[in-house]
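Colleague: Submitted below is the structure of interest, expressed as structure tokens.
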Amino acid sequence: MAKGEGAESGSAAGLLPTGILQASERPVQVKKGPKKKQQLSICNKLCYAVGGAPYQLTGCALGFFLQIYLLDVAKVEPLPASIILFVGRAWDAFTDPLVGFCISKSSWTRLGRLMPWIIFSTPLAIIAYFLIWFVPDFPLGMQRSHGFLWYLLFYCLFETLVTCFHVPYSALTMFISTEQSERDSATAYRMTVEVLGTVIGTAIQGQIVGQANAPCLQDQNGSAGALEVVNRTQSTTSLKETQNAYLLAAGIIASIYVICAIILALGVREQREPYEAQQAESMPFFQGLRLVMSHGPYVKLIAGFLFTSLAFMLVEGNFALFCTYTLGFRNEFQNLLLAIMLSATFTIPIWQWFLTRFGKKTAVYVGISSAVPFLILVALMKSNLIVTYVVAIAAGVSVAAAFLLPWSMLPDVIDDFHLKHPHSPGTEPIFFSFYVFFTKFASGVSLGVSTLSLDFAEYQTQGCSQPEQVKFTLKMLVTMAPIILILLGLLLFKLYPIDEEKRRQNKKALQALRDEASSSGCSDTDSTELASIL
């Protein structure tokens, strides 16, 4: 309804006899036009998208390089390293619903409900991240035990703090606009920047670290005396240079983390749904959790993406070791990673067009299944650098789909939930935190199982080459296991019920709900105005 004096007179006059009103006080009929569509500017979308880069920068560096860093630079044995990787990821997964619970209990502030978490977690997160890549100089007899505790502590601490950034940022998707099309567009911007973040993370970490390779032991089967000679002649300076290279890369990535957080905080404002603003309190967490986990489309979506995420994380976690030892490209794996991520960056807009034109479920089947032929080719081919680059570029197309589609489909599930439970505000962080919980749990399982498998295959720390059983294990972890998981995930997506027709119906129903809430808000305002006039 129009505001100002005319609106006040109209609302009061409707209850008074028209004969006692002056001409200027008689009711004025105000025609309501169609509600203007809420548009996000390109600047708003870019500022929102930039906020996704820190998680991908740090996640890419940890996902691709932490395993080989622990084994060959920090000199952690395979079994303790597998414990660090699994416990760190499992703890990270546990903190997602915990942070989601805390956010659901947070009050709206001048900065919003989500933004304070992002702002205050950033400085502590970058300190913890930097210390993960620092090799402490412990006394000789305590290096193994103290080193194990050092990396476990700071890995878990960083994952907790980055969760305090990423869960509210993920939930922010639902609060930047009430328009479904605008959220989809902003998500495409976000996915493009996130994939670009993985490119930058891969380039920074890979190129800097790649210039300072950790020294390796040429003869793993020699006598103890021979090994002692080798160890003496190994360049201590070379290992120190590698450690410093990891620290330099960590410092650069931490700086980018801070810059992106500042841009996000300055360029994005949270918006509340009209029907949510009328609710005095958020739903209790456990009641909301029960409703969320009983929502069929959500359970089917996270089940499908749980398997596909596990597949891509197995490839991510073992790719550096696979290129180094199985394919024999010790000095090329960082460039192969860069080729994958550049390919993914350029194909994100293509997938956004594809899902708009053919639907999101079709995009899932086409995009994620396209990785299978290339994984089969990697399993069957012999070591060939040119073919490997071709496969890497083609695999980036599937990686782009795996990046974009989960975050594009999750808001559709939340919209469907809001239609069935319109009086359940504050559940958005639960949706996002538990989705991230399952994907991170899958990551922890993949890293733990991978490193433990290498321990059973008798992986040689700092070896220039590995036994045949280690090479075979790496090939299975990067090819056959992901193929099986992808096929299982695609079978589960057959059960996902929200297609394009359902999305259009939900959009119309939600708009009607918002219009009803806005009309109710205008009626309350008119009653207040009438009371003041009378």
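Here the Cβ of each residue, glycine as well, is placed from N, Cα and C on the backbone.
The annotation transmembrane segment is assigned in TrEMBL to 46-70, 114-136, 148-169, 245-268, 298-315, 335-355, 362-380, 386-410, 430-452, 472-496.
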Colleague: Go through 114-136, 148-169, 245-268, 386-410 and flag the stretch with the largest number of C-beta pairs under 8 Å relative to the transmembrane segment (298-315).
Modeller: 386-410
Colleague: Check for me, if you would, whether the transmembrane segment (430-452) reaches the transmembrane segment (114-136) - at least 3 Cβ pairs under 8 Å, residues 6 or more apart in sequence.
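Modeller: Contact between the transmembrane segment (114-136) and the transmembrane segment (430-452): absent, because fewer than 3 Cβ pairs are under 8 Å.
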Colleague: Any contact between the transmembrane segment (386-410) and the transmembrane segment (335-355), i.e. 3 or more CB pairs below 8 Å with pairs at least 6 residues apart?
Modeller: yes
Colleague: Under 8 angstroms, Cβ to Cβ: which one of 46-70, 245-268, 335-355 has the largest number of such pairs with the transmembrane segment (148-169)?
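Modeller: It is 46-70, which has the most Cβ pairs under 8 Å.
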Colleague: Checking distant contacts: for the transmembrane segment (46-70), what same-chain residues at least six beyond its ends satisfy Cβ-Cβ under 8 A?
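Modeller: Distant contacts of the transmembrane segment (46-70): 40, 76, 81, 84-85, 118, 122, 129, 132-133, 151, 155, 158, 162, 165-166, 169, 172, 176, 186, 189-198, 200-202, 204-206, 209, 246, 249-250, 253, 256-257, 260-261, 263-264, 266-268, 313, 316-321, 324, 337, 341, 443, 447, 450-451.
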